[in-house]
Amino acid sequence: MDKNKEILPVLDVEKVSREISGFIESSLIESKVQGLVVGLSGGLDSSATVKLCAQVVNADKILGLILPSQTTNQEDVDDAVALAEEIGIKHRVIPIDPLMEPVENICRSSPDTEQYQLAGANLKARMRMLILYYHANALNRLVVGTGNRTELLVGYFTKYGDGGVDILPIGGLYKTDVQKVAEYLGLSGSILHKAPTAGLWPGQTDEEELGIKYDLLDQILYLMTEQGMGEEEVAQKLQIKLDEVVRVNSMMRAAEHKSKMPPIPKIIR
């Protein structure tokens, strides 16, 4: 039995898709810009996001940027290009390694690759942000983020990297919700069924790095953030070890700073 269906309310994908597309359209109008820039990875989130954009924004006002590194699977690049061509938006493939290498060479203080693996992974996300905003500034457009609610809650994004965007259309959807919306939008099977990955290093997958399956993670997050349940209550409800819930809650607490402006001291005059 799919416990996820029992915990999370049934999602009206048609209604949700319409609401998100309406949000995108109103954001574009209110900001008085000329269009949108979206980073396309060939994965579920960015593919669903750009499809939602294309439902309400003319294709000539959407630019898809595909920004692979040496650890990006060619299949992901191909899927991103195919989707951009399918919906008729202008797109560019810009490899980021020529930009990454000199920055890493200048900044790295030792050849310890293990020490710098995470820093290098975050640098990739920040380099992509720079490229997205370069085009957005040049074309007077909004940068559309592709993060989902699951990632935002546990901090599974890079501060000032993929977290540096103007709008987050699917930011209210859990990862398992995005899967349902993507199916409704008619995304290809190669996109729908691939293992979620940020492509940070060879063989990296989201669930392995997070240490938990998205189905279970979404249930825990929903019960804690939307139903107000405590750790023990969630563990009992889902019939899982308390340690799993505690770890997820710790991830949420540790990620809070990512969704806030930098703290400022109060000055008394």
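Each position is counted from 1, following the chain as shown.
Note: Cβ is positioned from N, Cα and C throughout, glycine not excepted.
Annotation comment: TrEMBL describes 18-262 as domain 'NAD/GMP synthase'.
A 10 Å cutoff on Cβ-Cβ distances gives Thr146 (ATP binding site) a total of 25 other Cβ atoms nearby, all chains included. Annotation source TrEMBL lists ATP binding site at Gly39, Leu40, Ser41, Gly42, Gly43, Leu44, Asp45, Ser46, Thr146, Lys175, Thr197.
According to DSSP, Asp45 (ATP binding site) sits within a helical segment. Of all Cβ atoms in the shown protein chains, 22 besides its own fall within 10 Å of the Cβ of Asp45 (ATP binding site). Residues or ranges marked as Mg(2+) binding site in TrEMBL: Asp45, Glu151.
The Cβ of Asp166 (deamido-NAD(+) binding site) lies under 8 Å from the Cβ of Ser27, Ser31, Ala136, Leu142, Val143, Val144, Gly145, each of these being in the same chain and 6 or more residues away along the sequence. Taken residue by residue with DSSP, Asp166 (deamido-NAD(+) binding site) is part of neither helix nor strand, so it is coil. Residues or ranges marked as deamido-NAD(+) binding site in TrEMBL: Arg126, Lys159, Asp166, His257, Lys258.
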Let's check the environment of Gly43 (ATP binding site): how many other CB atoms sit within 10 Å of its CB?
21
Candidates Gly39, Ser41, Gly43, Asp45, Thr146 (binding-site residues) - the one closest to Arg126 (deamido-NAD(+) binding site) by CA:
Gly39
Which of Ser41, Thr197, all binding-site residues, has a Cβ with the fewest other Cβ atoms inside 10 Å:
Thr197
Look up Thr146 (ATP binding site) in the DSSP assignment and reduce it to helix, strand or coil.
coil
Of all the binding-site residues given, Arg126, Lys159, His257, which has the fewest Cβ neighbours within 10 Å once its own Cβ is left out?
His257
